[in-house]
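Asks: What follows is a single structure, and I will ask about it in a moment.
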Amino acid sequence: MKITLNPKLSSKTDLIVFPLFENEEAAKTVKQKTKLLIPEAALADFKNEIGNSLLVYTPTARLLLIALGKKQNFGAKNWRIAIHTAITNAQKLQAKSISLFLPSVNRAWVPNYLELTGFAVTHSAYQFNIYKQGNKTPAFEQIEIVIQNNKSYKTALNDGGMIGLATNQARDLANHPGNIMTPKHLAQHAITIAKKYKLNYKILGESEMMREKLGLILGVSRGSDEPPRFIILESGNQKQPPIVLIGKGLTFDSGGISIKPAEKMEEMKFDMAGGATVLGVMQAAAMLKLSSHLVAIIPAAENLVSGAALKPGDILVAHDKTSVEIINTDAEGRLVLADAISFAKKHYQPKLIIDYATLTGAVLVALGDEYTGFFANTKTYDKLINQASLATAENLWPLPLVSEYQDQLQSQVADLKNVGEKGLAGVITAALFLKHFVQNTPWIHLDIAGTASTMRPKKHLTVGATGWGVYLTLKFLRNL
């Protein structure tokens, strides 16, 4: 798919997409910018509420009007919804070429909206159908944005498109089934990225992990015949202290001996979405030639049931020598992250750790599926990460690290236990478990259990993995 800028509307386009704010005179505005005439009667059913659209057949072109709602409420989320509405309608119409007008916004905002447009068009056009035979939706050939073609605008559009491509690669990884996307396969994909973009990489197998004493990861993986992998990628200026990105990489999570209910267990292939996001960030950072020193760490494993599987009551010893009593084998994500955090501190002395994990069902209870739970042990980065969230429509909600809840993790027989009290602030106690290993290193924890995938179509998302966090992180890193 080719995305271009064109100062004039192409005469050969399958579909013209025109966004309108509430109270804009549709017929007049469209005529001014496209010279197309729309009969007032054709607009009778057009209700200007975000997500609505109207297809109008004119004598010379098909025109899709997209509702933007009230101008004072306009932002990144509404623009992503508008673009997704346009793309899904265009797919139904089997349009191969689209001409898209930008909304009438402040000129200073145009580069930001062009970057967002490049991302949103690429993200919304995504399809995961490699396992299907026949009846596949035809891919777009070209999308032109009708606006002046200058260097800064083109750069912004291309940057957004590259971030969209990297995000879609992350979505592919998470959408693959567990029999394909094993720890080994995930590691192979990481190597492919590293070689293509000239990143440093290291993959630790089981024996190397034993030498590193990554006892929590090794314990989680015991129930599977698929050996774990500890994936490390590095890029940027290595004279600077790194930002370490850690992604949970459970390529399938049955819950282990504390087995999950059968209903929706197939969705547990998404339990490596954090790892997929981290790989997407590394790919996008390389494509955009970011100079920031980045280290990506993905502890990849399966959590399955067998005679060798981890049992409730078992005690494991972490990389930093903390002993952990296993109360629930389905609270395994925090175990693999804890070892990765300790490893990162020892080997890289990071200036900041950010972890991404489908960590708790409790975050869904607290925030639903529109917001990621955001924890931090420092306020240093709050402003920048919130700005990135607003600019990308990847929503965050701050949650507290309540020190009083730390007592829930006290064990009678070990240094820690891996879960707190049932039904009592589970999203917070999971974060507090990780905080034990982080200590004083600046740290951001993103619980993406509600946002990493969706099993119902949304106004700006298709079903499946979302790639949540790739765009937000790139925006954050570029603004540091």
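Glycine is treated like the rest: Cβ placed from N, Cα and C.
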Asks: E144, E325, E332, E370: which one does TrEMBL list with K248, D253, D271 for the Mn(2+) 2 site?
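Replies: My reading of TrEMBL gives E332 as the candidate in that site.
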Asks: For D330 (Mn(2+) 1 binding site), which residues of its chain lie six or more apart in sequence with Cβ-Cβ distance below 8 Å?
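Replies: Expected: D253, G255, G256, S258, I259, K260, N303.
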Asks: Could you give the mean pLDDT over the domain 'Cytosol aminopeptidase' (328-335), rounded to a whole number?
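Replies: When the pLDDT values over the domain 'Cytosol aminopeptidase' (328-335) are averaged, the result is 98.
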Asks: For the domain 'Cytosol aminopeptidase' (328-335), what are the DSSP-based totals of helix, strand and coil residues?
Replies: 3 helix, 0 strand, 5 coil
Asks: Using DSSP reduced to three states, classify D253 (Mn(2+) 2 binding site) as helix, strand or coil.
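Replies: Once the DSSP labels are grouped into three classes, D253 (Mn(2+) 2 binding site) ends up as strand.
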Asks: Measuring Cα to Cα, how many angstrom lie between K248 (Mn(2+) 2 binding site) and R334 (active site)?
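Replies: Here the two Cα atoms are 9 Å apart.
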Asks: Apart from D253, D330, E332, which residues in this chain have a Cβ no more than 8 Å from the mean position of the Cβ atoms of those residues at the Mn(2+) 1 site?
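Replies: Other same-chain residues with Cβ inside the cutoff are V220, L250, S254, G255, G256, S258, K260, D271, N303, T329, A331, G333.
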